[in-house]
């Protein structure tokens, strides 16, 4: 400030250089964040797709339960005490009966677990372990149904007429259970891949 001239001079301070990036990230403007709707839409889409997959798998499990029960029942109806006309005379039919019975109980367990997961949110097994087990056991169930159906179809030709009809019904129900199990295995693999990639 100069005295005597009546003019006051204020020394000019150099302005700080502000880069465009620093101005963009300044606290006044705030850091840009993604829209919350981008996450909510994705999560709602994922959550809305999960019940449809669960319900589809439950319907398929119920179908496998019915087909495997019908296949076992068709053979069990021919059981007799003298072992002459019953299916227990043939090891192929015994194998098919045991396989379809095992598939019946496996489908009953999967159906019970699926209904309990949806209705009461009960956790029998953790979701990750359940997805791995379902994927592996569905493959095994499909293999067992293929082998039992093929063995029974070959053995049909050496049976009596009454047992032949029951065996044809049993093989038909077993093939239907196989096709339904194959679709269940595909959906189990889809769920497992989603869990791994998510």
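Note: Cβ is positioned from N, Cα and C throughout, glycine not excepted.
A TrEMBL annotation is a machine prediction, not a hand-curated record.
If you look up TrEMBL, you'll see 52-158 marked as domain 'Casparian strip membrane protein'.
Same-chain residues lying 6 or more positions outside the transmembrane segment (53-73) and placing a CB less than 8 Å from one of its CB atoms are 96-97, 100-101, 103-104, 107-108, 110-111, 114-115, 117-118, 141, 169-171, 173-174, 176-177, 180-181, 183-184, 187-188, 190-191. Look at TrEMBL and you will find 53-73 (among others) tagged as transmembrane segment.
Residues annotated as transmembrane segment in TrEMBL: 93-112 (among others). Packing against the transmembrane segment (93-112) from elsewhere in the chain are residues 57-58, 61-62, 64-65, 68-69, 71-72, 75-76, 87, 134, 137, 141, 144-145, 147-149, 151-152, 155, 163, 167, 170-171, 173-174, 177, 181: each is 6 or more residues past its ends and has a CB under 8 Å from a CB in it.
Look at TrEMBL and you will find 132-156 (among others) tagged as transmembrane segment. Here the transmembrane segment (132-156) has long-range neighbours at 64, 90, 92-93, 95-96, 99-100, 102-103, 106, 110, 125, 164, 167-168, 170-171, 174-175, 177-178, 181-182, 184-185, 188-189, 191-192, meaning same-chain residues at least 6 beyond its ends whose C-beta is under 8 angstroms from one of its own.
The transmembrane segment feature in TrEMBL is assigned to 168-190 (among others).
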Practice prompt. Grab the same-chain neighbours of the transmembrane segment (168-190) for me: Cβ-Cβ under 8 Å, and only residues 6 or more beyond its ends, written as numbers and ranges.
Written response: 53, 56-57, 60-61, 63-64, 67-68, 70-72, 74-75, 93, 96, 99-100, 103, 131, 134-135, 138-139, 141-142, 145-146, 148-149, 152-153, 156
